[in-house]
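Participant: Questions regarding the structure given below will be posed in turn.
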């Protein structure tokens with residue numbers, strides 16, 4: 001049976017051809033190699049019809065134009081030559097669209113990304129809607145690739161080289177007004193008149209490209225270009241630490257096109273695309289993309305979720321305020337905050353106001369929309385307005401008795417169906433539910449700080465939590481824009497459990513004489529966004545170290561921090577950035593002064609600050625402990641799958657995405673090699689480096705996680 005075409009042609013009475021993009025059976029339009037023949041057949045018809053005045057590409061999907069190329073096509077390529085051929089096919093198709101003798105216009109509503117934007121760039125003009133769903137960008141770099149269907153050549157010529165480089169190197173997505181200002185689109189209109197506006201543009205002569213700003217014209221010349229590429233190259237190298245080969249190739253390919261002409265540029269683009277597709281970095285980044293897509297589709301349990309019409313939050317602190325913001329402003333669910341004093345409520349409301357006001361100032365949000373979202377948040381010092389809340393999120397202090405009291409109060413003041421979700425980072429959910437009359441409705445919902453930025457949440461059912469409670473909590477997390485992983489109710493859950501030994505080892509190296517800046521720089525070079533010492537300062541030394549005794553009590557000596565170091569730091573009133581002094585010193589609040597290591601930290605912890613380890617040796621010690629603990633978490637079924645383990649580490653603590661997560665990284669090294677490294681470290685530094693049994697067995701058998709393990713390990 002022949003597949004329904006993804007591209008269909010209709011010619012209007014006014015001789016404007018409408019090409020409708022609608023990939024059958026899919027929510028999103030993505031470009032596949034097999035569509036090329038469909039488009040070519042349409043192009044042939046267009047060329048044969050001499051009456052035509054213009055062409056409009058439009059999507060039939062309600063919220064996307066084209067979300068990009070189908071990434072599975074790249075995975076199916078076995079060699080760089082195959083991937084290069086794929087790019088050349090895309091380039092050729094775009095060239096044929098561009099070569100049509102009549103105006104071709106892209107009518108864009110919703111996501112126009114990757115290959116979708118490359119198709120729009122091949123058109124002679126672009127009109128998009130003013131809807132917040134409409135975004136334009138080339139995110140291929142986030143998959144370790146570059147745009148392979150002409151994007152590296154067309155975009156710089158349309159909007160200028162410096163702006164184009166920023167878009168391609170970062171994967172930055174533009175909203176409609178930004179795209180108009182930069183000349184990426186010719187008009188922005190309401191959704192209701194998109195097609196007619198595009199048709200009107202198609203009836204005119206081909207839109208002439210707007211002259212580039214003077215700055216961009218200077219940068220396009222040989223001298224300006226040389227300076228620009230030198231400066232951007234240096235900045236990019238600093239940002240990526242040389243871990244992402246795609247950025248280097250993007251610079252090379254764009255410069256080739258500008259210096260040697262588009263023919264050389266297209267050739268370089270296709271070659272680079274093919275080579276990058278075969279790199280381990282791209283394979284790892286694509287695995288993270290697929291894994292996160294799967295996690296977002298995972299309902300958490302087989303039971304249907306309960307309705308979520310309103311949510312309550314206990315505690316108006318930093319976490320409570322952040323949770324209120326993502327619940328009201330991302331999920332669109334009415335929120336009521338309870339705090340013991342009005343200042344807490346005001347603090348939480350101000351948090352949402354500040355976030356939304358920032359969007360208004362940046363013109364990402366209308367003031368009326370801000371007010372509408374803020375109206376979803378209310379506050380109280382008692383339980384008025386809580387009687388019919390579907391789910392309550394508790395964000396009070398880390399105190400077991402207090403949290404148990406919150407459970408009792410919620411059961412007394414809320415409905416029989418109300419779910420109680422605790423935002424604890426360390427207390428067992430089973431203990432919090434110990435005295436509950438409805439323990440099946442108690443669950444853990446662990447957010448990471450800052451709530452509005454961190455993409456991960458851990459959902460922690462205890463032994464008695466019902467399947468529906470799990471499904472409902474997963475549903476809420478997704479509505480809040482989060483990626484949820486369901487983890488077992490064991491001390492530290494997953495993320496904090498693998499993070500603690502990593503940070504402990506960094507502190508231990510400090511006591512051995514390694515310098516703060518050297519340790520942090522070593523882990524940034526390895527690929528983490530910040531080093532472990534800086535991370536502790538950012539989280540708050542008091543907050544970040546609170547979990548160490550809990551983990552040591554549960555799992556033994558391997559979780560012990562160096563004796564007296566943490567207490568010495570805390571006794572000296574060092575909490576990190578929040579009070580201006582930790583391992584680093586910070587300038588006054590509100591001022592962007594550079595942080596600097598406080599030299600007083602070394603005598604305080606009894607260290608000399610004269611290290612002997614190289615950066616790779618520092619990174620090895622921290623990372624190996626994290627890998628070992630991650631494997632234990634699989635073994636103890638703390639995580640449901642290695643997929644969840646990789647996503648949890650990348651999204652929860654910034655494990656280097658180009659390595660694919662702890663389990664992909666172990667696979668790339670080989671379990672046997674990891675065991676050998678850990679045994680060497682155990683001989684040098686002690687038994688905490690002893691590889692766990694599962695790793696030793698896998699190493700002996702030559703097994704790997706991703707090739708031998710199903711996605712669900714249960």
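From the backbone N, Cα and C atoms, a Cβ is placed for every residue, glycine too.
On a predicted model such as this, the values are computed, not experimentally measured, just so you know.
Sharing the feature lines straight out of Swiss-Prot:
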- 1-190: region 'Enoyl-CoA hydratase' (REGION)
- 306-714: region '3-hydroxyacyl-CoA dehydrogenase' (REGION)
- 118: site 'Important for catalytic activity' (SITE)
- 140: site 'Important for catalytic activity' (SITE)
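Buried or exposed, and what's around them? Tell me for each listed feature.
Facilitator: Confidence annotation: the region '3-hydroxyacyl-CoA dehydrogenase' (306-714) carries a mean pLDDT of 93 in the model.
For residue 118 (site 'Important for catalytic activity'), the number of other Cβ atoms no farther than 10 Å from its own Cβ, over all displayed protein chains, is 29. Residue 118 (site 'Important for catalytic activity') carries a helical DSSP state (H, G or I).
Cβ neighbour count for residue 140 (site 'Important for catalytic activity'): 28 (other Cβ atoms within 10 Å of its Cβ, all protein chains included).
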Participant: In Å, rounded, how far does the Cα of residue 140 (site 'Important for catalytic activity') sit from the Cα of residue 118 (site 'Important for catalytic activity')?
Facilitator: 11
